[in-house]
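The structure appears right after this line, and notes come after that.
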Amino acid sequence: MNDDLGLFADNNADSDAESDDAGRGRDTADANRGARGLFTRWRRNRPVLLAVGLVVLLVVGGGAWYGAQQLLGIGDYADYPGNGDSEVVVQVKDGDSVGQIASRLKEKDVVASARAFVVASDADKRVLAIQPGYYIMKTKMSGASAVTRIVKPEVKVGTLEIKGGYQLHDITQPDGTVKEGVLSLLAKATCAELNGKSTCIPVEQIRQAAETADLDALGVPDWAKTDVANAEPKNRLEGLIVRGVYSVEPGASAENVIKSVITASVAKLQAAGLPKGADATGFRPYEVLIVASLAEKEGIEKDFGKVARVVYNRLAKPMSLGLDSTINYELERPTLLTNDQDRERSGPYNTYDLQGLPPTPIGSPSDQAVKAAIQPEDGTWLFFVKCDKDGTSCFADTYDQHNENRHLAEQRGAY
């Protein structure tokens, strides 16, 4: 029977209440005794706690004061007395401040303290113009000696400059001279004298790594791996090192040298719009890179967008690209034109004979060429020819118009 109204008394209620009150009393007493125990222990350990706290305060406060001294330029600082001992390579990264350069010098034991370099740099503002790259410094230099040395041009090593259109391999010019390719230039960039020893990597070793090393070890981006793996080993890295200035670490292995340059190049490509920008073209990023290399070889900068458009228009027909530059690439020849015999040669780079793009880029594109391949100019052109001495091309929709442009080019002495 329910007693929701409380009509029936519970004889045990009072005793339960008394029991609860007693329990609460015991709990309160226990809590008071616990608090008194904690207080007693704290009072007993107070000298130790105060001592520890004082030490922590002194350490933190001392560190803060030392840091403040360094930041505010007050107080003493460590400085070596001489011009240095053994040579060591120090890297200056893009965007480094004088303070960051000083810290890296301290890490390499070039200077005794970062402050020594920072203070000495106040007397030579050339430090503010130091470029990213690798520098041969010496250990245990005074701050002043380190400043004097790092601003000398000959101390900077490992600089590699790649221009638009450069190819991986050397090319023999019509006059017999050799135009060095990317791999030869890369090998030269590894050269420095470090404590009396040369850091040069032979070009044959660079070439072997380029042709046989694991693609991950070389820094090849994911979006290019399939095409690179399927390409002829000799040409598989073509186009992945784009136009720009790179820094090569002296003493690094051939694989690491190539990886550092390709990694930096991929960053340049990303800034230019690859791989994401390829989505709007309907082509894969690697194919867009190939188109960029064709534009770089076939036209001057102002015509890159039109040349890229001609390539895309021909691919859409479909019709062969008919580009002399691809044939000359395989022949490792720098000439502009080809003859009937050249065009009759079979091969994957003969775009007169085969439809579609060549299997790899045919040189190092510039960021302008990459941007043009991502976003070419609008037009219906299918033909172009160099029609002026400054390299300007004339574009045409029909073959008859193209022939007119060819006659114009002959009259102007364009080629």
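Quick reminder: no glycine exception, Cβ is built from N, Cα and C everywhere.
Since we're looking at a predicted model, the values are computed, not measured.
Per TrEMBL, region 'Disordered' is recorded for 9-30 (among others).
TrEMBL lists 21-30 with the feature compositional bias 'Basic and acidic residues'.
Annotated transmembrane segment per TrEMBL: 48-68, in sequence order.
Glu298 (site 'Important for catalytic activity') is surrounded by 26 other CB atoms, counting those within 10 A of its CB over all protein chains shown. Here TrEMBL flags Glu298 as site 'Important for catalytic activity'.
Per TrEMBL, region 'Disordered' is recorded for 338-358 (among others).
Beyond the region 'Disordered' (338-358), the same-chain residues lying 6 or more positions past its ends with a Cβ under 8 Å from any Cβ of the stretch are 232, 287, 290-291, 311, 315, 318-324, 326-331.
As a summary of secondary structure, the region 'Disordered' (338-358) carries 5 helix, 0 strand, 16 coil according to DSSP.
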